[in-house]
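S.K.: According to TrEMBL, the compositional bias 'Basic and acidic residues' annotation covers 1-12. Taken from TrEMBL, the feature compositional bias 'Polar residues' covers 14-33. Taken from TrEMBL, the feature domain 'MARVEL' covers 49-176. Taken from TrEMBL, the feature region 'Disordered' covers 1-34. Here TrEMBL flags 59-87, 93-111, 123-145, 151-172 as transmembrane segment.
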């Protein structure tokens, strides 16, 4: 009889011990929903950038470069064709690269990659586009200036070259003055995002 009482007492103590250890265990079942990380949390349309000088210039550059490309694509016959091919390549490349940069800046995607000097990247793009549009327009004017499509492509080519030149001047001035919109701003945003992410992990010890 005493053995039965001791066995029951031992079972009760073991059950209490398991309940206590289970309560202290960090691996507790929970009904709290696990929220998935929102990858597009920091993506938003930056209307302030689109209203700024650089945003307006970028929109004009993309539109004029695209119109230049469309004009040069309407040429059915050319002789010689070197100037047409060069202008076609420059206008297409400039519209694509500038369009991508416009999308990155207007959606604040550059904040996601703070290690890239986006001001210098923009400066290099505008400077090279100015140079190549000048060369392509001069070559096209020297070799092909007969049809209406060629003349229209020349007009838009020199126009977009002037816009790129103005953008280059403003970008150089901003770079020299150190008034970089992308540098300290995107670094602080990156640090703030990292701090918030660490706070999330620390508030949930079961994930550690």
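Just so it is clear, glycine is given a Cβ too, placed from its N, Cα and C backbone atoms.
TrEMBL labels come from automatic prediction, so no person has curated them.
Keep in mind the model is a prediction, meaning the values are calculated, not measured.
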S.K.: Cβ under 8 Å to the transmembrane segment (151-172), counting only same-chain residues 6 or more beyond its ends: which ones?
M.R.: 53-54, 57-58, 60-61, 64-65, 67-68, 71-72, 75, 87, 91, 94, 119, 122-123, 126-127, 129-130, 133-134, 136-137, 140-141, 145
S.K.: Let me know the model's mean pLDDT on the domain 'MARVEL' (49-176).
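M.R.: That region's mean pLDDT is 90.
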